[in-house]
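This report refers to the structure that appears directly beneath it.
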Amino acid sequence: MAVSQPRQNYAVESEAGVNKQINMELYASYVYHSMAYYFDRDDVALPGFHKFFKKASEEEREHAEKLMKFQNQRGGRIVLQDIRKPEKDEWGDGLAAMQVALALEKNVNQALLDLHKVAADNGDAQAYYFDRDDVALPGFHKFFKKASEEEREHAEKLMKFQNQRGGRIVLQDIRKPEKDEWGDGLAAMQVALALEKNVNQALLDLHKVAADNGDAQMTDFIEGHYLTEQVESIKQISDHITNLKRCGKGLGEYMFDKETLQD
């Protein structure tokens, strides 16, 4: 791993504490996301609670992104962990959910206080890799951050669909990314292409299940919201891979980042 150039008076304990907090914020966001779509269910039907917890989920994710940005600015390295699934799928009534939320907020706050103490005592997955000082490709950062946001929107549409059809959302643990170092832009795009193809195949399999069961509305939903977008995304990334091979590393990659991805 290349030595970080902007790193100064940044203790190893602080770096580790920031990574711990990033993962804590992402876990809190996941829990609130589960709560939000629980209250959107037909047998719960409390849209105000849905709105409240969805906003809370978005805020926790924003906190994590601010910390990831900070980690890069200080010359630290982001290390993500598996995100545990929420402890439950059923959150009870509004009071019970708020009590869980209060306990969660206290845990997050205590972790922040612990991080503050570490900083005081010491004197102080793809998108944020490209934001690092030893990578410094803002166009790639922008591209993968947008891709991450789009995948989250896809998940939310499916959660909304599940509730509309009377299904029940069951979340699982989120595995950490396979790596923390993504290499150059070409290597990252190749990983992204494989990921998009896997997602597309999963959608095609889901479409077949719906068609085999005569679920016309579900096939229409998948076709209207996902399949065309997936094909367009696969073509776009494939084009990027071809042009990155043409450009080469170094200055060519820098110009591709600037002229293609920063537009």
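Glycine residues also receive a Cβ, built from the backbone N, Cα and C atoms like all the rest.
Whatever TrEMBL says is automated annotation, not expert-curated.
Record features (TrEMBL):
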DOMAIN    8-248  domain 'Ferritin-like diiron'
BINDING   Glu151, His154, Glu196, Gln230  Fe cation binding site
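Features per TrEMBL, on structure.
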residue: Glu151; record: Fe cation binding site; Cβ contacts under 8 Å, 6 or more apart: Val199
residue: His154; record: Fe cation binding site; Cβ contacts under 8 Å, 6 or more apart: His225, Tyr226
residue: Glu196; record: Fe cation binding site; Cβ contacts under 8 Å, 6 or more apart: Gln230, Ser233, Ile234, Ile237
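Here the Cβ of Gln230 (Fe cation binding site) has 19 other Cβ atoms within 10 Å, regardless of which shown protein chain they belong to. Apart from Glu151, His154, Glu196, Gln230, the residues listed for Fe cation, the same chain places the Cβ atoms of Ala147, Glu150, Val199, Asn200, Tyr226, Glu229, Ser233 within 8 Å of the centroid of those Cβ atoms.
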